[in-house]
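Here's what Swiss-Prot has on this protein:
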- 67-68, Arg72, 137-138, Lys148, Arg165, Asp167, 178-183, Leu202, Gln236: NAD(+) binding site (BINDING)
- Asp67: active site, proton acceptor (ACT_SITE)
Amino acid sequence: MKFGIVARRDKEEALKLAYRVYDFLKVSGYDVVVDKDTYEHFPYFNERDVIPLEEFDVDFIIAIGGDGTILRIEHMTKKDIPILSVNMGTLGFLTEVEPSDTFFALSRLIEGEYYIDERIKVRTYINGENRVPDALNEVAILTGIPGKIIHLKYYVDGGLADEVRADGLVVSTPTGSTGYAMSAGGPFVDPRLDVILVVPLLPLPKTSVPMVIPGSSRVDITLVSDREIILAIDGQYYEYLPPDVEITVVKSPRKTKFVRFTKEIYPKYTMKIKERH
């Protein structure tokens, strides 16, 4: 069994816990590699075990951080590697265990007392080309000029679904329904469902409403306004795009895999939503 370790880089407690996990696994006789960025912020790991995250080829990744750490892993790894996530963030919608339970969780993982929770992702094509990361949470099309709305049309499976004047449009997975989409007025969607959400950001008039569509759907977005936009993926990747761009969002063939110790969704998600608000 081979493990990879990735930690939140701006939090010393996360880096120290990552080292303790690394030491525990090495002493236990397992092969362990460490993310290069983690090492650069805490250079106490054996340098021979340090490789770029993009080159991880392991059985499990131990992620010590918040949702942002998980999103970084998902954007950079080339394989769908199961992630055991330790919460060193704020709310931690995606994380599984608290820091105090880290070594108990590792023991259960080693003993095979877990299951794999698979989550859908969405893939973005820009003028027919896929050159940006898949999104675990959402793809957001945003106004390139703060205070100026954008005018766009979006189509679902070839049919015009809506013409929107708004600050932008969010195309979200069920996992992302508790993030940007919810802030824009979208619903909570059980992450086990195979659906896609389309949520306008502050539309004018407010007749443009959020939609939940089948996960097999294709969403095509074109701009009516002659204005540059920003494409944002999971709040991690940003790119300015010209007004004549055509954007397509579909379900990705890849999935995110989480190590879980319980199949319970509720009340975890509902409690975290209340904490957030």
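Note that the numbers count up from 1, one per residue, in the order the chain is shown.
Glycine residues also receive a Cβ, built from the backbone N, Cα and C atoms like all the rest.
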Thr178 (NAD(+) binding site) - helix vs strand vs coil (DSSP): helix
DSSP state at Leu202 (NAD(+) binding site), helix/strand/coil: coil
Most crowded position, judged by CB atoms within 10 A, among Met182, Leu202 as binding-site residues: Met182
Neighbour tally for Tyr180 (NAD(+) binding site), based on other Cβ positions within 10 Å of its Cβ: 22
All-chain count of other Cβ atoms within 10 Å of Arg165 (NAD(+) binding site): 16
